[in-house]
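Novice: One structure follows; several queries about it will come next.
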Amino acid sequence: AAMASDPDPVVDFAAGSTSFVFRDIFKNGEIVQDTGGIRAGLVATTFPALAGQGMTVVRFRLVPCGCQLAHYHPRATEILSLISGGPLQVGFVDTKGNAHVSILYPGDVTLFPRGLLHFELNVGSEEADYVSALNSQNPGTLTAAAALFKIPTRALASSLNLPATLLQRINSTLTPNIGPILQKARRSDCVPGRDITLNY
């Protein structure tokens, strides 16, 4: 698979950019809100000063046990910093199949390499407030489960070595959106402030 990045800027900033400050991202940004929290994005259409700069910025507030579902960005590397709350369990899977999972505390920073599957889960008892920056004006976001179940059932059953009927039942419970999704984990799967480990 071929991957490319944004071109280098040829001017200091886009013509017509008059403001280099964006106020109140949680009110004026591109908002996605779900049971797991709120996501507020800054892109060139909402903040014209970003045009041609090759970057996107996103702020998150995840409720306890809120999860940014496993997803990847085909066109960007992401750097994430936990500002307050949490802690946050984060991780990605590399192309050798190795999982790299960490627990972040306020002030910690992590990196998700371009095109690799990753997630964030608030395992703490406080809302987790964090910011992500991506090195593309259009990083793309593909949520793993929703995308996986777009594959025809027989092919998916063969890939996962599972019965097609089971996969059809699972598919009927999934959110069809393949973009960013913030969901709250089931109480049986996540208790705020408990099991702050790397492998659960």
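Don't overthink the numbers, they just go from 1 along the chain as shown.
In case you wondered, yes, glycine gets a Cβ from its N, Cα and C as well.
Note: TrEMBL annotation is automatic and uncurated.
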Novice: Since TrEMBL lists HIS71, HIS73, GLU78 for Mn(2+), which candidate among HIS100, HIS118 does it give for that site as well?
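Specialist: Candidate in the recorded Mn(2+) site: HIS118.
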Novice: For HIS71 (Mn(2+) binding site), just count the other CB atoms lying within 10 A of its CB, please.
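Specialist: HIS71 (Mn(2+) binding site) is surrounded by 22 other Cβ atoms within 10 Å.
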Novice: Far apart in sequence but close in space: which same-chain residues, 6 or more away, have a Cβ under 8 Å from GLU78 (Mn(2+) binding site)?
Specialist: LEU111, PHE112, HIS118, SER132, ALA133, LEU134, PRO139
